[in-house]
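Per TrEMBL, the features are as follows:
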- 38-55: transmembrane segment (TRANSMEM)
- 67-92: transmembrane segment (TRANSMEM)
- 112-131: transmembrane segment (TRANSMEM)
- 143-165: transmembrane segment (TRANSMEM)
- 208-232: transmembrane segment (TRANSMEM)
- 252-276: transmembrane segment (TRANSMEM)
- 297-321: transmembrane segment (TRANSMEM)
- 341-357: transmembrane segment (TRANSMEM)
- 378-395: transmembrane segment (TRANSMEM)
- 415-434: transmembrane segment (TRANSMEM)
- 455-474: transmembrane segment (TRANSMEM)
- 504-522: transmembrane segment (TRANSMEM)
Amino acid sequence: MEDIDTTQSKEPFLPIHEEATSTNNRYSVLKSIRANKYLQIASGPLACALTMLFLDGPSSSRNMLAVLAWVFLWWLTEAVPMAITSMSPLFLFPLFGVSSADDVAKTYMDDVISLVLGSFILALAIEHYNIHKRLALNITSLFCGDPLNPPLLLLGICATTAFVSMWMHNTAAAVMMIPVATGILQRLPDMSHGSGSNTDVQRFCKAVILGVIYSAAVGGMSTLTGTGVNLILVGMWQSYFPQEDAISFSTWFMFGFPLALMLFFVLWIVLCLLYCSTSTGKSLSAYLDRSHLKRELELLGPMDFAEKMILTIFGGLILLWMTRSITDDVPGWGALFHNNVGDGTVSVMMASLLFIIPNKKNEGEKLMDWNKCKKLPWNIVLLLGAGFAIADGVHTSGLADKLSDGLSFLKTAPYIAIAPLVCLVSATITEFTSNNSTTTLVVPLLIELARSMSVHPLLLMVPGAIGAQFAFLLPTGTPSNVVGFATGNIQIKDMIKVGLPLKVAGIALITVLMPTLGAYVFRTDRIV
């Protein structure tokens, strides 16, 4: 037998190493492209270039459309952080000749932005001193019932969330209230076993989480401070129609609160029908009662000076907002200053008091300091500024006139058919992109559509903006949905089960209320 050369037998017949290296290199390149979002980043400038090359028309409106394509693709794909995309008009508008650097920069700071900044600072103060938790426990304890009444308890949790969301951004309200809700649910037993009582408990847990995230969205609709969408709408109204009366806090409240209240009760009824049975109270009573909630309140201790002062400032802010401009016959306190003050004036003024009044805990320490304000959501502030810049650019570039010409075929369509369609389109788009981005995209189009139909712009702007807040079906629809979904208590099918009837009810309500209550509140009988 011949000796076998073992050194030769170990050599591969084919150059496997080189091929594997080549394959790994290709894979690493693809992985790098995906990880660094190069395709998403390139999509914006590419869409801009294609728009410039293949679309005819005046250069100003074409350039504006090209910039819009760039900005919205970056928003939709999240190629860069939202805040950076929101700042892109600051360099794109001057470079493409849409507007000067000074003009575009001015749109990033106005009374609406001041309103947001002051409100956010107050919200941070409320969060820092745990006032939201104390409020939630008090109201929930009030609604708990004796013996335990699950629908009433659910109403208390949802009502608390909706109330908190009226005065701060709905995402912040959801972030504050989800820990309070889960703290209550943690007293309930593990649902891993399939007994009947645990099934009732599991269903109630779903109802609570869904109630919190949807109540935050519904409550935010009722005020200007509850969501960025309302602020974008108000800012665009002022930008497009500076000669018209601005939409004040109290004006919006007169329309938004009845709408939100009716939608809130629809939400509560749907949750009770789907998740609360006759045996739920018996299943929960062994684990959850009023004494548990009172024990939580006792752990917080009595309210100190700082908490009382923040609540006083908060109450004063609401009062000043509501009375600045009331009616033509009763003008409100703003008339004392020749109507030079706005809601942002009040917001910043009251927020400034937080940095003046001592908290009486440590010598020289105020209720708030700037270190506590580091969590200010500047991305929301910049997004609002970008929305206002885009609205101004669409108007000044002449793109608005081109859009108006393209929508002329709808002049003969009845309003009663267009309004629900507008709301439905916004409510569909908002499931796949942010509420604020949807509003920024849709509202300028609706202004031109209203002009082509010869109807008051707010008759379409308001349904479009409200519809953009109906992101009820998917976890990615809003940050509030993500917060609730992350608890693990709900699934997508639960969101669809509750969100779909809620969305349908919302569209129906806005279709009925806008030409009736909305026409009275916004005085849409006037010619704009």
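Each residue's number is its place along the chain shown, starting with 1.
Every residue gets a Cβ built from N, Cα and C, even glycine.
Curation does not apply to TrEMBL; its annotations are automatic.
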When you scan the chain for residues with a C-beta under 8 Å from the transmembrane segment (252-276), skipping those not six or more beyond its ends, what do you find?
150-151, 154-155, 158-159, 162, 203-204, 206-207, 210-211, 214-215, 218-219, 221-224, 230, 234, 322, 462, 466, 497-498, 501-502, 505-506, 509-510, 513, 517-518, 521-522
Given a Cβ distance threshold of under 8 angstroms, which distant residues of the chain, six or more beyond its ends, lie next to the transmembrane segment (378-395)?
64, 67-68, 71, 81-83, 85-90, 93, 98-99, 103-104, 107-110, 112-113, 116-117, 120, 169, 228, 231-232, 235-236, 239-240, 403, 434, 436-437, 439-440, 443-444
Please work out which recorded stretch in 67-92, 297-321, 415-434 has the most C-beta pairs separated by under 8 angstroms from the transmembrane segment (455-474)?
415-434
Take the transmembrane segment (38-55) and find every residue of the same chain, 6 or more past its ends, with a Cβ under 8 Å from one of its Cβ atoms.
32, 62-63, 65-67, 69-71, 73-74, 77-80
